[in-house]
């Protein structure tokens, strides 16, 4: 019998899954094919289960609140007594109770498709529920059931805004179940963080949970076993911030565990020689500004890398006196200048970062949101600050690091939901042992896809976008214009201003009124320009007039580096059976072509039309392959590092 709620022995002080050994390519290949039957078996949803939940719920609907509370307490007792094997009948009872409590508290009862999605999560799978199908509500079935069974549940969201919003929305429902709910907010004190993680159900972004885990690792040192943890809790009287990794449900799981998994999570502190570091960053920037591409260095935009030529190395040797003494040796000065060139040529303001209050703030390329208190590693952040002429912060010393892949595999039970999992199904299985389950839609989609338009010039594209938005807005339809960067949002806004189209902008540079902008985006005739901030977890509610006029129209102005992100943007329209439409208006000057288009991209763009569209599609696929390879390389390096350090003691 498989475990619905697997767990370690009841006496385990810090429950978590054991670290897995690194796998060779041969091991991965063998595992891929020998485990295929198990993958298919776990990916088989049971429609009969949903029917039983709906049927059982009819009896609960007739009960008073007091009697329903008694049923909840009895269900919790039965679930905890069953330990890891609650059985189908107990799960049906729990789902039906949570569904009825949701109806009374939120005015919403789960559909059969939401029940199927939550059941797949309990099976340890990724439930692919189309955008607009109510994943946030569906998660409460799995989270509430696991918490009633005595498991500490972490609901991982794509960003901090969604964590706070969802926790506030669902707190009343969990209270009806006798469960506590909290959200972990960035910048909270250790005491507030510890209190939040003590709740039965915790909503937090993946980065917040992972960095809390790293802080605990640093605090516990080599005492990672139960005895060491108990000893620490006894003597310092505080214990750890994060009481184990038992049960995780990841909302928008492809964003959290695929897109964000290309860079490791690093916990660091400032160094002692900060002033010398700043001097070196300024000197490296000045030298890099004098070097020329082609003669002194070569850019590899595909790998985001810089390679110095022989001439560049010789020229750098002549200029080494400008560097502080400790940075003059060839390997160190060359690395510093390569980083400075990367800051100048490969990292652009209002695309990769913004300047706010004299500080460089990184923009998450997948969510479009600012990542406060985050910095690039290996001196890149200081190089960008030198380029922008702002105060240079100190390069930080690494205390601990881990990849998202290795972190999430430490959860005893892992599952999640997203609207776009199919493209990453193989990676979910090979890295996380998670099959993908496709859940049918509750209502037939009424979203229409219009023909893609392609221009040779970006200026022509923005003029077309503004013209389309003006016409649709005049007809009473709300319009959402999706952009990749802050700079692109400003270009779209300028084109709309030129035609006198009233609109609002939502981007990393203008995020203060996010909730208000989203709330108004579904009004009849509203025009909204947004980066990926409006691409995930955003439900644009249509008013009656907008619905009658034809619903929301989404305009994608650039292909992203992943088809999944494009699908998420398109999914803002036509949700829950609403009318809607989507189209792409692109250009040969879109940033995907120079980054991933290959050597013939500039030649192809001369022909325009279908040739440019084919080149953009090929560039997108190349970007996806590059990112898959980068994530695999990162995981292999992380596993190898963990193995090499294992002789010093248990690394966690």
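Counting begins at 1 with the first residue displayed.
Cβ atoms are placed via backbone N, Cα and C, with glycine included.
Swiss-Prot annotates 114, 132, 133, 134, 135, 136 as ATP-binding residues; of 364, 426, 433, 539, the candidate listed for that same site is 539. Classification of residue 136 (ATP binding site) by DSSP places it within a helix. According to its DSSP assignment, residue 539 (ATP binding site) is coil. Compute the center of the Cβ atoms of 114, 132, 133, 134, 135, 136, 539, which mark the site for ATP; besides them, the chain residues with Cβ within 8 Å of that center are 129, 131, 137, 138, 576.
Those residues noted as binding ATP (114, 132, 133, 134, 135, 136, 539) have their most widely separated CA atoms at a distance of 17 Å.
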